[in-house]
Amino acid sequence: MSRCPRRSASSSPSRPNSSRRGRPMSRRSTTRSSPAPRGPSSRCSSPSSSTAPTPPRRRSRRRKPPTPSPSSSHRGSGAGHDARRSARHSGGRRNPGPPNGSHMSHSALLDPPTRAAAAPDAPRGPRTRSPRRRRGEQLQGWALTAPAAVLIALFFVLPFGLTVWMSFFDWPTFGTPTPIGFENYADLASDPKFGEAVLFTVGYTLVTSVIGILLSLGLALLVRPRFPGRTAVRALLFAPVTIGFAPAGLLWLAMSNARTGVLPDLFAKLGLAPAGVDWFAEPTTTLALVVVMTVWKTAGLAMLVLLTGMDSIPGEIYEAAKLDGANAWTTLTRITLPLIVKPLSLVILLTVTTTFLSFDQFFTMTKGGPDGSTVTVVYYLYNAAFVSLDRGYAAAVAVVVVLIMAIISIAQVRLQRGRKAEA
């Protein structure tokens, strides 16, 4: 008996076929054949005697929904996180429903879609500092400002308070002070020499301040561009600042001497003044010499302050103005001056304060002459305290001078604030 080389599909045993993974096939795709007797004849049968079975249909498999892990409970279910991640990768569009076979939790469906993603990146509110920490910072601030406050109290507040107290007494050089109330202030208001000193000081302050500020501004504009020897020129212009008013007054007094001075001889050779004339004999020439010396002494510092403000202006602004066809005057009035308001205000305050409190140059150059025409307020205070030895009256003059300076400073600060508000 010959052995069949290949077993047909219909001659297989009557047990169901299985898929590759061992699962039973569908009943619809499986045909059962009638059992055949086992024997030599049934082992090998012809192909035509059996019906060919239909190919099995693959059955779709369902995925098991992922179980949310405990670590992701604060961000929502795992399926919801996957859905949000897929929505971000797909251009920000969310699917209308959960993915096939996945079941989102009820809280993930009800919460806004951006809750889980925005929770870690939400801005935190300002942290409130504890009272102990705030108290420590306050104590640290007081400790840092205490040295300056002590110096101000020792050298300004305490002396000014003592001066105010002395102004209500008749304070002789020897003897017991006698309280006299406002008598010193009444004498001060009725003294014509004090009024003359105030008027002279105001006029001298205006003339010197205007000339000094304009000259320092011109010098700053002159030495601002780069040129060979610019540093040396700046140093020479700033050098008079390092000299005190008393030495500077003595220097100019020697140069203005009618016999041995350099300036009278130079002016005589140039035909600007007659030779051998004493410049300190006339009030006009005396005041002119003091003004020139004061401007020469203070212009260097004002120039340096203005130059610092000009150097802080970006160069692109000047380049843009040049492209727009702006000339030098337009550039100065529309760009430079508006951008150096703060340095210019500081220069004005320093110049006015310095000139109003002038004493050294008048003491060394004019001695208040000729005929008391160059007596300033501070020089009047000096005469009352150390020439007339009237300490109480001199204290009243000092209080009035401090009040005048306070009024000038407050007016200037308010004027500057008004300009800022208009801008």
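Every residue, even glycine, has its Cβ placed from backbone N, Cα and C.
Nobody curates TrEMBL annotations by hand; they come from automatic prediction.
Noted in TrEMBL for the protein shown:
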- 7-17: compositional bias 'Low complexity' (COMPBIAS)
- 18-30: compositional bias 'Basic residues' (COMPBIAS)
- 31-52: compositional bias 'Low complexity' (COMPBIAS)
- 56-65: compositional bias 'Basic residues' (COMPBIAS)
- 100-122: compositional bias 'Low complexity' (COMPBIAS)
- 126-135: compositional bias 'Basic residues' (COMPBIAS)
- 198-412: domain 'ABC transmembrane type-1' (DOMAIN)
- 1-138: region 'Disordered' (REGION)
- 142-168: transmembrane segment (TRANSMEM)
- 197-223: transmembrane segment (TRANSMEM)
- 235-255: transmembrane segment (TRANSMEM)
- 287-307: transmembrane segment (TRANSMEM)
- 339-359: transmembrane segment (TRANSMEM)
- 392-411: transmembrane segment (TRANSMEM)
Contact check, the transmembrane segment (142-168) vs the transmembrane segment (339-359), 3+ Cβ pairs under 8 Å, seq sep 6+: no
For the transmembrane segment (392-411), sequence-distant contacts whose Cβ falls under 8 Å of one of its Cβ atoms, 6 or more beyond its ends: 160, 163-164, 166-171, 177, 180, 184-185, 187-188, 194, 349, 352-353, 356-357, 377-378, 380-381, 384-385
Chain residues outside the transmembrane segment (287-307) and at least six past its termini with a C-beta under 8 angstroms from it: 204, 207-208, 211-213, 215-217, 219-220, 223-224, 234, 237-241, 243, 245, 248-249, 252, 256, 279-280, 340, 343-344, 346-347, 350-351, 354-355, 358, 361-362, 365-366, 373-374
Outside the transmembrane segment (197-223), six or more residues from its ends: residues with CB under 8 Å to it: 230, 233-234, 237, 287, 290-291, 294-295, 298-300, 302-303, 306-307, 310, 332, 336, 344, 347-348, 351-352, 355-356, 358, 373-377, 379-380
Within-chain partners of the transmembrane segment (339-359) [C-beta distance under 8 Å, separation at least 6 from its ends]: 201-202, 204-205, 208-209, 212-213, 216-217, 245, 294, 298, 301-302, 305-306, 308-310, 313, 317, 376-379, 382, 401, 404-405, 408-409, 412, 416, 419
